[in-house]
Amino acid sequence: MKRSKKEDAAAEGENGATKKAKPAKEPEAPILYDDPPDKLSSKDGKDANLKITSWNVDGLRAWVKKKGLDWVREESPDILCLQETKCAEKDLPKDITSMEEYPHKYWATSEENTGYSGVAMLCKNEPIKVTYGIGKEEHDKEGRVITAEFPNYFLVTAYVPNAGKGLVRLDYRKTWDEDFKAYLSDLDKQKPLILCGDLNVAHQEIDIKNPKGNKKNAGFTPEEREGFSQLLEAGFVDSFRELYPEQQYAYTFWTYMMNARGKNVGWRLDYFVLSSALLPNLCDSKIRSKAMGSDHCPITLHLAI
């Protein structure tokens with residue numbers, strides 16, 4: 001009896017002959033970001049003389065136990081800014097409060113929940129003046145901003161509010177973005193500023209591994225991205241994108257779930273934003289993606305001031 005090819009194949013299977021299987025597709029190796037060598041001079045040849053590092057530590061006490069300070073000592077920035085410290089001043093680890101390298105230390109914590117939010121600034125040289133918050137009670141009770149004035153610039157470190165699961169705080173975030181932009185613009189009228197920290201937004205599709213699947217998630221909503229665009233339009237510059245406009249796979253945050261960091265499924269949420277007037281002073285803006293100790297990695301700025 002004549003059989004079809006389909007019947008022949010089925011019969012071969014019954015007789016123990018194996019159908020030639022397609023080779024299993026090899027999983028694609030993750031594309032990691034390789035931080036290039038530091039550029040230590042500006043475009044017009046001025047030597048870098050100011051080094052600032054910013055790091056969302058996701059809990060200061062845990063980060064200290066994970067040897068975060070060893071990395072800081074090796075990096076040796078002039079100023080260290082930390083976000084999401086989640087630690088009351090009375091509970092600060094002695095390992096960091098006793099650091100002689102940074103004699104000038106400043107802390108801001110949440111008034112209502114000391115295990116939430118919080119920022120810090122550690123300086124080798126004493127600022128002229130240090131202030132906390134942005135002058136609006138609804139924002140300032142969460143310990144999100146420290147501003148230090150130096151002779152030639154302001155330095156602002158910030159932990160910007162997350163829009164939250166289900167975007168429950170998106171309206172609040174939009175109000176924050178507007179008020180924070182006004183605060184920075186007022187400072188900028190006095191002298192140029194550097195803003196650093198976890199700004200809780202991946203600005204463009206290039207700044208996130210999976211843009212299509214995250215358009216309704218906190219940190220990548222149209223509203224948050226537009227808020228950041230408006231900040232740049234007010235006279236500020238994203239230093240990393242200024243230097244590396246086409247650089248892909250450069251992220252600063254990875255969820256602890258599903259081996260996201262190993263696969264480099266990340267977000268670029270941490271920034272150095274500069275007043276346009278500081279552009280001639282910009283030497284380099286680094287993403288230290290290999291530094292461990294948090295779900296964020298540190299970033300470092302080199303300026304010739």
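Counting begins at 1 with the first residue displayed.
Just so it is clear, glycine is given a Cβ too, placed from its N, Cα and C backbone atoms.
Automatic prediction, not curation, is the source of TrEMBL annotations.
Summarising the annotation, TrEMBL assigns active site to TYR159. Annotation comment: TrEMBL describes ASP198 as active site, proton donor/acceptor. Sequence annotations record features per position, and here TrEMBL assigns active site, proton acceptor to HIS296. According to TrEMBL, the feature Mg(2+) binding site maps to ASN56, GLU84, ASP198, ASN200, ASP295, HIS296. For 36-46, the entry in TrEMBL reads compositional bias 'Basic and acidic residues'. Annotation comment: TrEMBL describes 54-296 as domain 'Endonuclease/exonuclease/phosphatase'. For 1-46, the entry in TrEMBL reads region 'Disordered'. Per TrEMBL, site 'Transition state stabilizer' is recorded for ASN200. The site 'Important for catalytic activity' feature in TrEMBL is assigned to ASP270. Annotation source TrEMBL lists site 'Interaction with DNA substrate' at HIS296.
The recorded positions listed here are GLU84, ASP198, ASP270, ASP295; among them, ASP198 has the most other Cβ atoms within 10 Å of its own Cβ. In sequence order, ASP58, GLN83, TYR159, THR252, PHE253, LEU269, ASP270, SER294 are the same-chain residues whose CB sits within 8 A of the CB centroid of ASN56, GLU84, ASP198, ASN200, ASP295, HIS296, the residues recorded for Mg(2+) being left out. The Cβ neighbour count for TYR159 (active site), using a 10 Å radius over every protein chain in view, is 24. Residue density at the residue listed as 'active site, proton acceptor': 24 other Cβ atoms are found within 10 A of its Cβ, drawing on all protein chains shown.
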